[in-house]
């Protein structure tokens, strides 16, 4: 049972050798060979909830939309992004980032969820998911008027996430900006190169995502681990990132959001600028909102002991004498290291309501779960 | 054991080959009842075999379980150090009930990590005489002490020949290094 060598086509982070030296387990995430875990998911999860952890998320996409239209419309990169992506960029200004969605024009389904940084009217920096970056860039480039450029910078930058209640202390010890508002970013100079420090994350804790030039990543990673020693910083893998985000009920594209799952169904309508005149998928989403979605994303919390997994069927009866019917499907499920119970996100028919008891088909056995509204663990992002 | 049937990762979970999003038959927890996953799906460290503890006085299966023979037929069963490291933090253990009849090579329990479910296979045929109740509240014992407090169950084998089909430490090391 020797280790199968990774496929040769996989991209690696500039920190790949560091991860191997730390004994990380690696897996393919969106075409990138990235760490799943170093010392263990449960311990890494706890470090982020109680102290501080650092994640290499360099596989995340990076792209820049820049310029102003030369077609006489006067539209800037800001205007163009605001007329295509779903959230209303006018809610924020330069120096702020926003969670937004790229929806399909025809169906309203989600092509990707991403973070948009407003650097200026003429420059919007995007962080899409790794596997969706090329498609997001393709759609934006196809729609961009002359004068506005869309550039895929996937391998130009590295992204390190420093997350947890001690994250501000760690960054302060490094002399980096810290303590700014949630979803605000600051720029600094690192190794003579630009470094962006954004108060974002995917863990539910106070945290920062650092975007640096790829050649600077190795030194930054090493400096973070060294400066974090007094705070017992742990390198954390994408396994812990998944349990952390699931406890918060944050959707994951490819599971809880997809081309087949709209923002209305996944309850991320808060990231849609409903009053805007234009964004991709506007007609379809307004129609779905008026009509009422055919399913909605809920949280499920274990009553019977069991760990939910994606695609488990959700029933309205305990079986086997009372078979009932299928009312939905688990989209994300895991063991919550904080609560020590099974938790899930599931798309359920509109008849489901908070407090209902439903039953998951756990490999042939039905386990009772309670319908709830996430988060499962109180967020401490601010 | 050691057959991850479901794998769930973080943001950007576009997973390797057929486990992508856990939607295919092999990676899909809800559909695939059993089957040892190929080695490619087991997430192990590159130095796993070299550092794994393989005690000389135990018998083993190719499914990475150990068997300690107290007598010719009274056997204690657990998973190997190599297996616990490959599986990662164990967070939920399901074991057969005392009194249950188990068949060599057939699944008789499950080990779950945050991201995967793996079958426990019966190493021999016989009757379960005891299970390690401590694993209910402290499943992490499987990781921290796989050959000691992390044992899973005891079985009375249906005959003394049951041990003949098992591997010795050298045989197991050879299997692990394949």
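In case you wondered, yes, glycine gets a Cβ from its N, Cα and C as well.
Some features that TrEMBL has for this protein:
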- A:15-276: domain 'GCVT N-terminal' (DOMAIN)
- A:209: substrate binding site (BINDING)
- A:297-377: domain 'Aminomethyltransferase C-terminal' (DOMAIN)
Message: Mean pLDDT for the domain 'GCVT N-terminal' (A:15-276), rounded to an integer?
response: 97
Task: Kindly report the helix/strand/coil residue split of the domain 'Aminomethyltransferase C-terminal' (A:297-377) according to DSSP, in that order.
output: 0 helix, 42 strand, 39 coil
- request: Any same-chain residues 6+ apart from the residue listed as 'substrate binding site' with CB under 8 Å of its CB? Would you list them in sequence order, or say none?
  value: A:57, A:127, A:159, A:160, A:161, A:162, A:197, A:198, A:200, A:201
Message: With DSSP assignments reduced to helix, strand and coil, which class does residue A:209 (substrate binding site) get?
response: strand
